[in-house]
Amino acid sequence: MASSTSLLKLISIFLFLISFLTTQVVSQSNQCETTTNSCTNKDKATRLKIIAIFSILIASVIGVCSPLFSQSIPMLHPDRNTFIILKAFASGIILATGFMHVLPDSFDMLWSNCLQENPWHKFPFSGFLAMMSAIFTLMVDSVATSLYTKKHTEVMPESREVGHHELPVVSGGHFHGHHHRDIKELNVGSQLLRYRVIAMVLELGIVVHSVVIGLSLGATNDTCTIKGLVAALCFHQMFEGMGLGGCILQAEYKWMKKAIMAFFFSVTTPFGIALGIGLSKTYKENSPAALITVGLLNASSAGLLIYMALVDLLSADFMGPKLQGSIKLQVKSYVAVLLGAGGMSLMAKWA
């Protein structure tokens with residue numbers, strides 16, 4: 001329960017910071033001219049945004065909750081091949097989200113003509129921040145895992161340093177059995193921690209870009225843009241939610257923490273849209289403050305998502321014993337990754 005409260009506080013603080021940064025962006029309304037066209041219709045755009053809030057909310061709930069209720073379906077159990085393939089598909093979507101959506105948006109914003117040439121056009125801040133974000137994610141992943149492993153190793157018997165000849169002959173069989181059982185429990189515990197670290201860090205990364213995407217959608221009055229975005233975001237949130245839901249399932253959290261993580265994933269994009277609607281009169285997406293704030297957030301999110309998709313999701317599964325023991329399953333999983341990444345890349349045409 002304490003860990004659930006900590007997670008709730010962490011995500012709540014983060015959402016508050018995004019809201020605060022957004023209000024700071026609004027207060028600095030020095031901006032380039034915002035272009036208008038025949039698709040600009042504020043009243044119609046508001047109706048479409050309200051539809052988008054509920055559509056994306058429903059798609060997000062379906063996506064993140066479907067793996068959590070899959071335990072009642074034997075075919076979708078985490079140990080089954082079907083789950084591995086679906087997780088590979090969702091991991092491909094998360095990878096493409098980082099490379100094809102979030103990172104290019106960051107480059108576009110931080111290289112905008114609305115920003116001063118020095119320093120924004122003199123240095124690739126998007127790539128640098130994405131790289132630093134990936135390194136920081138690695139640090140969190142590594143330190144958390146090593147601290148957990150060290151904590152549990154301290155209570156383990158120091159039998160690994162004892163030669164077989166030093167063991168009592170009479171109780172040797174029992175000792176070895178107990179020793180191997182302890183080693184197995186340690187490995188299972190370490191793997192469980194990794195699943196939990198992966199789930200929490202991935203959740204935070206997704207929350208970042210979900211709020212930013214929602215904010216952009218809520219602030220625009222271009223109905224042509226909104227129509228394409230709603231369909232693309234429903235697809236995006238559903239399958240990205242499946243990837244996150246699979247990680248939450250493998251982390252074996254209690255139902256309260258599962259509910260909290262599913263809730264925050266589901267509401268972050270609608271929250272961003274609602275925030276954008278509320279600030280649509282004053283928020284200017286081409287203002288220097290908006291471009292810098294959102295661009296830096298996107299770069300940070302991109303680095304985190306790319307790292308998580310490649311290292312903690314795809315690499316961990318493909319180099320694990322399950323896939324290494326079956327070439328046929330590897331091929332199916334690779335096809336699933338390509339389909340997920342390809343489908344999400346295609347969505348970049350509209351969103």
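Every residue, even glycine, has its Cβ placed from backbone N, Cα and C.
Straight from TrEMBL, the features:
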type     : residues : note
SIGNAL   : 1-27     : signal peptide
TRANSMEM : 51-70    : transmembrane segment
TRANSMEM : 82-103   : transmembrane segment
TRANSMEM : 123-148  : transmembrane segment
TRANSMEM : 197-217  : transmembrane segment
TRANSMEM : 261-283  : transmembrane segment
TRANSMEM : 289-310  : transmembrane segment
TRANSMEM : 331-350  : transmembrane segment
Exercise. So what's near the transmembrane segment (123-148) in sequence-distant terms, Cβ-Cβ under 8 Å and 6+ beyond its ends?
Worked result: 103, 106-107, 110-111, 189-190, 193-194, 197-198, 201, 205, 295-296, 298-304, 306-308, 311-312
Problem set entry | Proximity of the transmembrane segment (82-103) to the transmembrane segment (289-310), 3+ C-beta pairs under 8 angstroms | yes
For this session: Could you tell me whether the transmembrane segment (289-310) and the transmembrane segment (51-70) are in contact, taking contact to mean 3+ Cβ pairs under 8 Å with a sequence separation of 6 or more?
Result: no
Seminar exercise, completed: Per the Cβ under 8 Å criterion, with at least 6 residues separating them from its ends, the transmembrane segment (331-350) contacts 81, 84-86, 88-93, 95-97, 100-101, 104, 228-229, 231-232, 235-236, 239, 314, 317-318, 323
Exercise. Residues of the same chain, at least six outside the transmembrane segment (197-217), with any C-beta under 8 angstroms of its C-beta?
Worked result: 7, 10-11, 14-15, 18, 22, 49, 52, 56, 94, 97, 101-102, 137, 140-141, 144-145, 226, 229-230, 233, 237, 240, 243-244, 247-248, 250-251, 253, 261, 264-265, 268-276, 283, 285, 294, 297-298, 300-302, 304-305, 308, 312-313, 316, 351
